[in-house]
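Quick look at what TrEMBL annotates:
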type: TRANSMEM; residues: 65-89; note: transmembrane segment
type: DOMAIN; residues: 66-491; note: domain 'Major facilitator superfamily (MFS) profile'
type: TRANSMEM; residues: 110-127; note: transmembrane segment
type: TRANSMEM; residues: 133-153; note: transmembrane segment
type: TRANSMEM; residues: 193-214; note: transmembrane segment
type: TRANSMEM; residues: 220-240; note: transmembrane segment
type: TRANSMEM; residues: 300-320; note: transmembrane segment
type: TRANSMEM; residues: 332-353; note: transmembrane segment
type: TRANSMEM; residues: 374-395; note: transmembrane segment
type: TRANSMEM; residues: 401-425; note: transmembrane segment
type: TRANSMEM; residues: 437-457; note: transmembrane segment
type: TRANSMEM; residues: 469-486; note: transmembrane segment
Amino acid sequence: MSASPNDDLETRGERDGYILEAKQAEDEYNEQALKVAADGHTVLIPQPSDDPNDPLNWSPAKKHAILFIVSATALLPDYGSATGAVTLLQQATLWNMSQDVVNHSQVGNVFMLGAGGVVVVALSAYFGRLPVLFWFTVAAFATAAGCAGAANFEGFMAVRILNGFFSTVAQGGGLMFIKDIFFFHEHARKINVWDAFIILSPYLGPFVAAFVTSSLLWRWAFWIYTIETGLCLAAIVLFMDETFYNRKIPAEKQPARGTRWERLIGVSQWRSRHLRNSFREAMMRPVIVIMKPIVALSTLYYLITFAWVVGINTTLSIFVTPLYGFGPVQIGLFYFTPMIAAVLGQLFGHWFHDAVARQYLRTHAGRFEPEARLTAVYFSTPFMCTGLVVIGFAFERAYHWAVLAVAWGLFVFGIMITTVALQAYLLDSYPEASGEVAAWINFGRTTGGFIVSYFQVTWANKLGPESSFGTQAAISFAAFLLIPLMQWKGKALRHRAGPLKFHTS
């Protein structure tokens, strides 16, 4: 089947750079009357069809409701995972076990957050976006309740690991929904919203759990998590819709959508499965994507960079308790710092990423290359490295807790900017693999945390926090060198590796 002009705008942009000015695009592509945004001159990429069922044609209210639900559901996995890091103190006492043994459930949960995301996008390519989101959230709700009601450690560990696998559905696959319903020029801002929930979540969980466990049994922290999962499940049932739309099929030949309930549980998608990827093709998509050099390099970079988020979290209570005499409530309040930093990063990024894009378009004859997204990382890296160094000094030299708070905030602010830039870069590079690139970035993030959790505390105690956090800053800066490498050779690597050529996106 030959590509339509609509497909060409995205395909050509991926290959030769995106053109967003209507007059320039019409002259370049010899197209007439391209559809534009409300400003009258920004080309809509991809071009929406005239079909009212096309998700690109849905109302702004429906689109943003979907964005909010997906973002709120994406908050759950790290929220629940970090909640367990607080409740293990009570659990170890009640079950007469060491904290290290109880922490095994935490490690298994973190690993499954990454692995589950890769499975989610593969299944979504075959069964559809909405039914995978629905059924995984149902399982996440059941396993969250299982965590709260577990009678012993063995039962708790089993359901906690399963909860990590199922709860990651919107964290690993959320970018698919953003790509399906928003245009190219809107992506960075919408990714910024989704990522803010993800970055916020590992701090919100301990914040709530610290207050709960200071006066109640640990189970209540997980019952609250269960209620939050239930609210997201209810929102999915009431307001979500299937966002996949095959643009290679003319509107008059699109498969019947069926009733909303049929779309929710997957009946409609099952009937039209022959128009999407085969099961084997769907399972191979994540493998094909990670073999693309820039995806592998980006995943490696994020694995190294985000690992220290977990490093800080795992050492925080160990050092602040003797240094400042903080109890559970004070530690919980201290988590306000990264939450505020994540919100500030989201607010700043709302304009910053678009400003980077506009500046690049002005200086490159109106043609936007995906590698331009990475320019934001030059701005964010000093925040992350400075934050790590000052954290180490604050712990080692017993600086005032306010210094530690500012340093932690700098690091989280930098991580927020970096995350959006990296996600937007990979989406622009491989728009037909929106789910797969997000899943691999999520895998890198959780794998980094999984690895660091094994040695961070021992490392800090043995060499001292000043040395360990200083080394982390040096490693982060060394990893940053991958960014100019990808800006220099990224386009050549993409062309050499070739397009993905998936049956459907």
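Glycine too: its Cβ is placed from the backbone N, Cα and C atoms.
Taken together, the residues of the domain 'Major facilitator superfamily (MFS) profile' (66-491) have an average pLDDT of 92.
By the Cβ criterion (under 8 Å, sequence separation of 6 or more), the transmembrane segment (110-127) is not in contact with the transmembrane segment (220-240), since fewer than 3 such pairs are found.
Between the transmembrane segment (300-320) and the stretches 65-89, 193-214, 437-457, 469-486, Cβ pairs under 8 Å are most numerous for 437-457. Residues 175, 187-188, 191-192, 195-196, 198-199, 203, 298, 301-302, 305-306, 308-309, 312, 320, 323-324, 326, 334, 337-338, 340-342, 344-346, 348-349, 352-353, 370-371, 373-377, 379-384, 386-391, 394-395, 437-438, 441, 486 of the same chain lie 6 or more positions beyond the ends of the transmembrane segment (401-425) yet place their CB under 8 Å from a CB of it.
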